[in-house]
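Lifted from TrEMBL, the feature list:
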- K106: active site, proton donor (ACT_SITE)
- K70, K94, S348: substrate binding site (BINDING)
- T190, N221: NAD(+) binding site (BINDING)
- D146: site 'Important for catalysis' (SITE)
Amino acid sequence: MAENLNLFTSTQEVIREALTKMGYDESVYELMKEPLRLLTVRMPVRMDDGTTRVFTGYRAQHNDSVGPTKGGVRFHPDVDEEEVKALSMWMTLKCGIVDLPYGGGKGGIICDPRTMSMGELERLSRAYVRAISQIVGPTKDIPAPDVYTNSQIMAWMMDEYSRIDEFNSPGFITGKPIVLGGSQGREKATAQGVTICIEQAAKKRGISIQGARVVVQGFGNAGSFLAKFMHDAGAKVIAISDAHGAIHDPNGLDIDYLLDRRDSFGTVTTLFENTLTNSELLEIECDILVPAAVSNQITAQNVDRINASIIVEAANGPTTLEATKRLNERDILLVPDVLASAGGVTVSYFEWVQNNQGYYWTEEEVNEKLEKKIVSAFNQVYDLAHSRKVNMRLAAYMVGARKSAEASKFRGWV
Ligand code: NAD
């Protein structure tokens, strides 16, 4: 049978398995197999050349039994309904794993921001908020940045919502600039969370971070900060990549130099000759492999050539279910995306809490609270995987789905 590369149906498959393992009946799966709500919007936007273009966007709200839904907005040409739905389901799992009072949400607009001016991006961002304003808000559904959206876009969106609401509403969205109520530590939060998971996984496997060989696929927000944190902790980052290729030095790369040279889309390998391909990068012998770029990178095709002791998924969906099974059989410790990349939403939650109380924390306070949440989540998932003899992905889904399943039951929905 062909391997399932569809993120939506493979997510459904693991949710079903997780709920069954926990003893929930079919009605809970029926509720959780899709978002409760999916709004499709079409937005006319005036372009710089005077023409009008109509963009399509989505907002999915997976489950709001625990509290408001929460999740990023992605601007990308490949956005589609299924992807937004799958991503909203992952957000429910992430929020459950780090125990946040949220369910999952996600949004996206089909567009290519790399070809748009700042003015066009601003008009599109504002149009999106007007289009979805009925179903979002600080106590309903709280957006955030995702692929190709940033703090400037969050600022425009917050401003537009505040005009509609006729209140200054910083709690409407997270990932804002600090002066508009953003949180210290938000920009690096995903990489911080991944780093904490690597430290915990390395401890379990008796690997010292000092001198550990680390390979990172992707050098954007998640990958580049992660490489920097690993480098600063004494690890040897021996290979990194971007969409154009990979670079490798067995003695360790100069991460500060690469960080300095990368562009805002996370491209740096084009500055070098004789680069490796991304598939060659994945097969380099190392202690810790971090896929931090795109989905479906470790599949049945290449999994047997993966040469790492620990894999920590910073990206969403980089390993297929078949590959997860085979890595588990080879006793390679895989820390799944829904746990490893939950640092971003955790600090987004901290930002919302600070907005609600109007009192702001230092970066040290944020990092301390983040560490507590991620360490506790990691250990809960790790211990469950051992006690129930399941892989870390299934254990993470079990921990992640439980809160929404329980809340839905208490509310009498199922
Ligand atoms: P980004 O856009 O900042 O960077 C993406 C990086 O991946 C760039 O270096 C790009 O060149 C590279 N890339 C793109 N296509 C590639 C390909 N086919 N092969 C190899 N490299 C490729 O994105 P990001 O924010 O760093 O996100 C990376 C991954 O982490 C995504 O899967 C995202 O969903 C996930 N993630 C990010 C966050 C966050 O807060 N940034 C949070 C949770 C999950």
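Glycine is no exception: its Cβ is also placed from the backbone N, Cα and C atoms.
Close to ligand 1, meaning a Cβ under 6 Å from one of its atoms, is not one of the recorded positions K70, K94, K106, S348. Calculated from their C-alpha atoms, the gap between D146 (site 'Important for catalysis') and N221 (NAD(+) binding site) amounts to 10 Å. Shown are the binding-site residues T190, N221, S348; the one with the most C-beta atoms within 10 angstroms of its own C-beta is S348.
For the pair S348 (substrate binding site) and N221 (NAD(+) binding site), the C-alpha distance works out to 15 angstrom.
Here the CA atom of K94 (substrate binding site) lies 12 Å from the CA atom of T190 (NAD(+) binding site). Note: the Cα of K106 (active site, proton donor) and the Cα of K70 (substrate binding site) are spaced 7 Å from each other. Same-chain neighbours of the substrate site beyond K70, K94, S348, judged by a C-beta within 8 angstroms of the site's C-beta center, are, in sequence order, G71, M91, C95, L100, Y102, G104, A144, T174, A342, G344, V345, T346, Y349. The Cβ of K70 (substrate binding site) lies under 8 Å from the Cβ of M91, C95, L100, Y102, G103, G104, G105, D141, I142, A144, T174, V345, S348, Y349, W352, each on the same chain and at least six residues away in sequence.
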